[in-house]
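Listed in TrEMBL for this protein:
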- B:108, B:150, B:181, B:182, B:183, B:184, B:189, B:268, B:269: ATP binding site (BINDING)
- B:112-298: domain 'ATP-grasp' (DOMAIN)
């Protein structure tokens with residue numbers, strides 16, 4: 001096996017946001033030389049990596065030229081130029097996750113089709129090349145409200161997802177390619193992170209439960225372990241592994257799922273990378289998701305995904321009504337509480353609902369952790385000054 | 001309270017070794033802008049901090065000029081120019097730990113005198129301005145072998161400590177200022193890390209037990225919790241707090257102690273900083289020692305020092321007979337074991353007994369962890385290639 005540790009080996013990462021920043025803590029631990037490409041000199045990773053390159057992740061030449069400088073390429077965001085990755089891969093560069101997987105996942109229509117083709121349970125959907133096609137279907141009574149509209153590409157953190165209840169809602173949507181699903185009543189939104197290395201070894205993290213902000217459609221609390229019964233948890237993990245196996249995936253795959261009223265599990269979507277739903281693992285797990293990502297793409301043995309204690313993550317997002325230089329109000333107050341750890345991502349300016357950091361709450365008792373999480377949420381405010 | 005998070009505040013750290021590197025993971029988490037001074041461009045911190053300055057930590061002008069650039073100054077190594085710190089402090093810079101504390105601690109004779117003056121239990125000692133004085137005492141039958149000789153200054157990791165059994169041993173010692181102690185038989189070497197902030201709030205970590213390499217006098221295993229009875233543990237923690245209070249210390253203070261055959265606790269020496277005996281805390285504790293150091297010097301509330309699970313640290317030191325480009329043999333094999341996390345410090349060249357990294361083993365059962373630690377120790381080898 002190649003010795004990555006303290007060798008001239010260079011890992012390249014597309015994207016320099018908070019996920020990259022937390023990944024860097026792990027590549028530092030393993031002493032893996034890490035180069036990062038991001039469009040902004042003020043990206044959270046810019047000053048934290050061994051080598052920073054500024055450039056557009058969607059530009060062919062930029063991604064291609066960056067790829068030529070590294071020994072192994074990975075991503076921290078999936079919206080990157082896949083054509084460049086295809087060419088790099090053909091020329092012999094190892095890229096995890098694989099470009100072919102990213103291509104399927106980058107487009108929600110092809111992602112949904114992939115689930116259907118592989119007998120992975122997911123909500124039925126319709127696919128439209130343009131919004132006009134969707135309007136046409138509605139006008140011809142082929143579909144009806146309410147429905148869930150999703151942009152086929154470049155959705156992120158709930159952007160690109162809308163519940164459509166009226167013709168006005170429909171009129172306000174962007175014009176491009178999209179899918180629709182019927183609005184399924186569900187009990188819980190769950191997620192399972194699967195790690196899979198090139199040997200095909202895979203591990204799953206415990207099932208987590210996600211509580212969403214009702215308006216912004218962003219995760220507010222991620223709770224590990226999910227407060228669901230063992231049968232449902234086992235089913236969710238099995239489906240997550242089935243998805244990863246179907247992709248022949250290498251790296252970390254976060255599988256988001258709905259638990260329906262009658263305890264069916266439906267795959268909602270996947271993220272082919274470290275994920276917000278796994279941030280709790282830094283404090284709670286034997287092996288955190290960022291270390292596990294490093295292990296999986298370097299084809300090292302995968303670590304233990306069990307938790308030492310229960311963990312809950314609260315996102316720190318910009319408060320409504322504040323745009324400008326960020327100020328974390330009352331952060332000191334939450335540091336007084338046992339088991340509370342803030343992670344500040346180092347973004348200089350806040351705006352409403354921008355992810356600025358997160359706080360992890362760990363406790364032996366998940367219900368106690370949930371109480372503290374509420375208290376944390378009500379105490380800290382991300383404002384501008 | 002000053003808001004350190006994402007403000008233009010700049011933390012300065014004297015020293016850019018592995019302790020600084022692990023500290024940087026925590027200042028990153030809290031988004032505290034961190035500047036580092038170290039003599040080597042290849043220091044473990046050089047590429048990992050917001051701002052790196054190259055220079056000699058023992059040079060007055062270098063330390064003074066670096067101090068003028070930062071808002072708060074701390075250390076990761078105690079061998080720094082204290083005169084420069086005194087001047088900076090007089091001119092209004094906040095420095096933790098305080099220069100007056102560092103001055104006492106930097107010299108083992110003044111450190112021992114401090115314990116005697118403050119009724120802190122420690123082994124009796126003699127102080128000699130030169131080795132010649134010590135020889136003279138021996139020749140005049142004032143002292144006898146065996147005795148423990150310690151250089152008064154610049155000892156590190158067991159360098160500067162020798163057991164003297166013969167006149168040849170005595171002849172081979174360096175000429176400078178030193179102390180001697182009688183050789184006390186002890187059951188255990190223990191350590192307690194105390195954190196104390198500017199409000200005088202203090203917390204202690206659990207007592208750890210240190211197993212030393214018989215020849216190199218370097219710690220081989222640090223075991224948390226120490227396998228000692230509660231009465232002894234409580235006494236050790238009380239004495240550690242007494243030491244920190246006597247110093248009116250701010251920051252992290254590692255207090256190394258002997259447990260004698262009759263369960264007396266004697267303070268051996270202190271380190272005014274994050275310490276090898278606290279590395280286990282990254283994986284095992286609710287708040288790791290590096291985060292706690294940041295909390296204490298910024299006068300933030302101190303975190304919970306309890307452990308989630310038992311933790312054992314194994315030092316990865318250069319194997320005898322190898323000097324040159326480092327290679328970590330069999331590192332992959334230990335990654336197969338649950339609860340094992342290597343930390344590689346990023347030093348390019350190894351030499352016998354050089355600290356190159358450490359491995360933490362966590363497990364619910366400390367005895368099981370100790371077995372795995374042995375296995376880790378016997379598997380990994382730090383060699384050159």
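Placed from the backbone N, Cα and C atoms, the Cβ positions cover glycine too.
Taking the Cβ of residue B:183 (ATP binding site) as reference, residues of its chain lying under 8 Å away and at least six apart in sequence are, in sequence order, B:146, B:147, B:148, B:163. The binding-site residues B:108, B:181, B:189, B:269 differ in how many other CB atoms lie within 10 Å of their CB, and the one with the most is B:108. Reduced to three states, the DSSP call for residue B:181 (ATP binding site) is strand. The predicted model assigns the domain 'ATP-grasp' (B:112-298) a mean pLDDT of 93.
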